[in-house]
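Lifted from Swiss-Prot, the feature list:
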- S92: active site, acyl-ester intermediate (ACT_SITE)
- E188: active site, proton acceptor (ACT_SITE)
- K254, S255, G256: substrate binding site (BINDING)
- 1-28: signal peptide (SIGNAL)
Amino acid sequence: MMILKNKRMLKIGICVGILGLSITSLEAFTGGALQVEAKQKTGQVKHKNQATHKEFSQLEKKFDARVGVYAIDTGTNQTISYRSNERFAFASTYKALAAGVLLQQNSIDTLNEVITFTKEDLVDYSPVTEKHVDTGMKLGEIAEAAVRSSDNTAGNILFNKIGGPKGYEKALRKMGDRVTMSDRFETELNEAIPGDIRDTSTAKRIATNLKAFTVGNALPAEKRKILTEWMKGNATGDKLIRAGVPTDWVVGDKSGAGSYGTRNDIAIVWPPNRAPIIIAILSSKDEKEASYDNQLIAEATEVIVKALK
């Protein structure tokens with residue numbers, strides 16, 4: 001009997017030991033991520049997703065696309081999310097955040113520095129910089145061209161001023177972003193191959209970064225105003241988030257597009273007499289040559305607006 005009892009005790013001891021190891025391993029695996037998530041929270045976040053999940057799913061079926069959404073009402077901390085932690089190619093949305101990094105790392109006077117570039121530096125879709133090869137442009141004008149006109153050469157110059165794609169990634173890491181991967185310059189970063197994590201992020205992470213730059217403490221007030229004014233003047237987003245909000249709402253946004261039907265828009269939106277709303281909507285399709293749908297972004301925005309009223 002004593003032997004059986006000892007065997008039984010041994011089995012119990014082994015089970016407890018394995019359970020202890022499992023819990024320890026789980027903590028080791030998730031602890032870092034949980035700590036990062038905790039650092040991102042600035043207040044109690046209230047989620048409102050039950051009513052919107054079905055609507056976003058229906059939009060995916062309607063447009064034959066995958067959609068990632070994250071929105072936060074900065075006045076109430078209510079959030080809307082859908083596939084908010086899934087990766088999407090960020091495409092040209094990075095230009096607004098890279099402009100924020102540029103402002104973070106440089107004085108406002110630096111924006112008056114004249115940057116010269118050659119015809120060989122030009123890449124596809126550079127409607128502003130291609131007109132100034134002979135004269136160069138002020139750094140502030142280049143940042144504005146990247147944000148407002150989505151000028152790709154301007155985007156590359158922004159990258160160069162902050163240490164390249166990896167310099168951009170490093171700056172975001174310092175802000176608590178352990179998600180965004182930035183690897184390539186324009187225009188290769190728009191390749192957007194499904195499953196390729198290069199030049200990708202999530203709707204939640206992008207919205208969190210945009211919030212930090214536009215209403216948070218990542219920039220002082222004077223620099224925040226410069227960035228948001230650039231975004232308010234965006235010339236490429238009229239059919240996107242702007243099309244999904246009431247006409248009396250003010251929108252500052254940055255769009256993006258790429259292969260595989262990639263269409264994105266990120267924005268800070270000011271409803272009348274309310275705190276701003278931060279919105280990130282990312283989308284993609286399965287086929288490389290698939291056309292993107294601006295209307296998908298507009299209708300996803302309508303779902304967000306209705307849910308946050």
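These residue numbers are counts, starting from 1, taken along the chain as shown.
Quick reminder: no glycine exception, Cβ is built from N, Cα and C everywhere.
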- Query: For G256 (substrate binding site), what is the tally of other C-beta atoms lying within 10 angstroms of its C-beta?
  - Reply: 28
- binding-site residues listed as K254, S255, least Cβ neighbours within 10 Å: S255
- Message: With an 8 Å cut-off on Cβ distance to the K254, S255, G256 Cβ center, who else from the chain surrounds the substrate site?
- Response: A91, S92, T93, K95, A96, S150, N234, T236, G237, L240, D253, A257, N264, D265, I266
- Three states by DSSP: which one describes the residue listed as 'active site, proton acceptor'? helix
